[in-house]
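Okay, structure first, notes after.
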Amino acid sequence: MRGLRIWVGRILLLLAGLREAAASLQSFDEPFVRQWLNKSASLDLSARCTESLARVWPYLNMHDTFELQRNYYHQSFGAGPAWLFLSRDQDRWVYRGYECLLAAGETVYSRSEHPMHFCYGINENEEPGTEAYSICIPSPCEKEHKQLLGLWQEVVDEEQADASKMDFTSCIASRHEKQWFELPIPVADFIFNAMLSLFVCLATVFHMHRGDDVKTMSQKMLLCFSLKKNLKKATCYPKDPQSTITCMFGLRFLTMAWTLIGHSFIFIQAYLGNVDEFKDEMVNSFWRQWITNFTLSVDVFLTLGGTVLSYSWFRKWLKNTTEPEPSWNSWGYWFRFYQHRIIRLWPAYLYTLMAVTLRLSVTHWHPMWPPTDPAIQCPKYWWQNALFINSLTQNRCMPWTWYIGTEFIFYVVSPIFLLSLRKSPKFGLLVCIITILASGILNVVTILQENFPPTQFLWKQPEIFNPNFIQHHVQLYIKPQYRIAPYVIGILLGYYLANYQKGASKQPRSRSFVLGGWAMALLAMFLSMYGLYPSLQGWDWGVYHTLYGATHRVIFSLGLAWVLYACHTGIGGPVNALLSWYPMVPLANLSYSAYLFHMIPVVLTYLLVPFPIMNNSMWYIFAHCAVQLVISYVFAFICSTSVEYPAQNMERLLLYNTPKKSHLKPVQTAESELQLKD
């Protein structure tokens, strides 16, 4: 259990924001830090470390050292309760880490002559008090940081300290020992991507000269990588609009943008100088709940995923076809069912995992925080992502991809709902309702047992709730059993739409039915999104918080289900026209790869602007979001046209190249499965 708590603290260090609370996280002035520096001369340290410590103050007072660096240095020293590492609301530690790294004076083009390490330690005592400490030391002292942390603990607490009893200590360097272009693996990854780009260009030129009329298998395989072929695939609007729920195009893209905005507003906290004002604005503004409650975007993806799977599956079997329908023991069919899904997910997922782990995570001149640094975590835990079980574990490698694992698990169990509905609609409906209710009950039980808030609080955590953000994240928020309800609602919706589409005559719907449906759907979605306000404010409404936590995702999903139903059945009006607009098609088709990559530019753009950032307007953050979204889609275009679509082309070529002859028109399921697979 102690090891788990330590890892919780480590993981939160990156995810934390910046609140400065003088009563709990202490700050120290320059004379106090200098006192610690003077006392360090009495420690039994290496000669190199002692010499480096003696040079700190002269370096900070040199004529070419900025005053800001000197201020950053002493401001990076801190002390406070260890539990602050578990809270989203008390987390100035990360900010102090950046202050230490910047005090070293590193730049992208030159190495500092006085590199620094930001070191921190956690000492979990039985008695509450000062249990966590941070210091900024010269890099030659990194191996002796425990002694220096012990001295800092002694100076702060004015009593003898023993750093060896600290449960965990760690350091982050102000600069990589070697930059990415000096390391063999990142360079090899760069060369691989360059060769892949050249291969795509070769395939495109070949396609333009020879066209589609090729005979040999090697030529057909080459065409799988043709940019001309894959651009058409990415931008092609379905010939039969009824084969696809076209409003999903706009919903996928808008939800992808919503997800990025939410993450961007979270991670800017680690770079803000006036974070208290920012958090107060976010939490106290009623109308900003579309950002503070943006995790509902996951439920949009879940609902869309269940709907598109169910709609395409039932639409196929509701048509007359010579292919035998699958049953519980149709092993060959279900093997192909899962195989197709894996081929759809793996190429882009593994490509992004490799790019982020091997090169992109080491591109910046200084390391990121070890607990969630892909360069550190992914070499150990990448296999959990590759097997789609990261949401069942601690989710340490590319943590934002937990959704992919959770949704894949839903796909694995989806035949239970599909076959039940196909064999007996009443029984299938009963199975779906029981699943939704069981998931809600599990939410209620866990929320009550652990005193969890209704959802993840990403800016402030009211005191009435369990402050352990990471425990909430790994125990409830990402676990499939608590998130399956919207997916099942999507399956039910897809089943209904497929049957509705089958009917030869459609009954007219009254004006009151249409207006009433839209009013109820919008009300449900509004209450789900903006009903978080009492919980954000920490009002002591225990029953409300529990019921909201257990039901708001289901209610939001039901409102979204009406939007999908209305748009697909002809009563969507301008909403359907906007969501089905042709420019939404390529943006939707690239959304999966954009989601995989989007956290990299979210962090990158904040690293590239002067530190600290002062938040004076939301529009400044939205400008960052726009740049981050563009970068995400540029990568998504490269990933999709180089890896994702070629893999799908090869699947069709190698596995489905000899379809059985039939006088019936085949169902184009490929187009109807254009969904965000994360």
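Numbering starts at 1 and runs along the chain as it is shown here.
Yeah, the Cβs are placed from backbone N, Cα and C, and that goes for glycine too.
Heads up, TrEMBL stuff is auto-annotated, nobody curated it.
In the predicted model, the domain 'Acyltransferase 3' (250-636) shows an average pLDDT of 92. According to TrEMBL, the feature domain 'Acyltransferase 3' maps to 250-636.
Sequence annotations record features per position, and here TrEMBL assigns signal peptide to 1-23.
Residues or ranges marked as transmembrane segment by TrEMBL: 190-208 (among others). Long-range contacts of the transmembrane segment (190-208) within its own chain (CB-CB distance under 8 A, at least 6 residues past either end) are made by residues 181, 219, 222-229, 355, 359, 638, 641-643.
The transmembrane segment annotation in TrEMBL covers 249-271 (among others).
Residues annotated as transmembrane segment in TrEMBL: 291-314 (among others).
Listed by sequence, the residues of this chain that lie at least six past the ends of the transmembrane segment (345-362) yet keep a Cβ under 8 A from its Cβ atoms are 176, 179-180, 183, 185-186, 188-190, 193, 368, 373-375, 378-379, 382, 385-386, 388, 397-398, 401, 404, 408, 592-593, 596-597, 600, 639-640, 642-644, 646-647, 677. For 345-362 (among others), the entry in TrEMBL reads transmembrane segment.
Look at TrEMBL and you will find 400-420 (among others) tagged as transmembrane segment.
Here the transmembrane segment (427-448) has long-range neighbours at 416-417, 419-421, 454, 475-476, 481-485, 488-489, 491-492, 495, 545-547, 549-551, 554, meaning same-chain residues at least 6 beyond its ends whose C-beta is under 8 angstroms from one of its own. Taken from TrEMBL, the feature transmembrane segment covers 427-448 (among others).
A Cβ distance under 8 Å defines the sequence-distant neighbours of the transmembrane segment (484-500), meaning residues of its chain 6+ beyond its ends; these are 245, 299, 302-315, 318, 407, 410, 414, 417-418, 421, 425, 428-429, 432, 435-436, 439-440, 506, 553-554, 556-558, 561, 564-565, 568-569. Look at TrEMBL and you will find 484-500 (among others) tagged as transmembrane segment.
What TrEMBL records for 512-533 (among others) is transmembrane segment.
Residues or ranges marked as transmembrane segment in TrEMBL: 553-582 (among others).
With a cut-off of 8 Å between Cβ atoms, the residues of this chain six or more beyond the transmembrane segment (594-613) that come close are 95, 98, 102, 256, 259-260, 263-264, 267-268, 270-273, 348-349, 352, 356, 360, 364, 368, 398, 400-401, 404, 620, 624, 627-629, 631-633, 635-636, 639, 676, 678. According to TrEMBL, the feature transmembrane segment maps to 594-613 (among others).
Cβ atoms under 8 Å from those of the transmembrane segment (619-643) belong to residues 196-197, 200, 225, 227, 230-231, 234, 257, 260-261, 264-265, 268, 347-348, 351-352, 587, 589-594, 596-598, 600-602, 604-606, 613 of the same chain, restricted to positions at least 6 beyond its ends. If you look up TrEMBL, you'll see 619-643 (among others) marked as transmembrane segment.
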Tertiary contacts of the transmembrane segment (400-420) (same chain, 6+ residues out, Cβ under 8 Å): 263, 298, 301-302, 305-306, 309-310, 313-314, 326-328, 334, 337-338, 341, 345, 349, 384-385, 388-392, 427-428, 431-432, 435, 478-480, 483-484, 487-488, 491, 596, 598-599, 677-678
For the transmembrane segment (512-533), distant same-chain residues with Cβ under 8 A (at least six beyond the ends): 286, 289-290, 292-293, 296, 454-455, 548, 552-553, 555-556, 558-560, 562-563, 566, 571
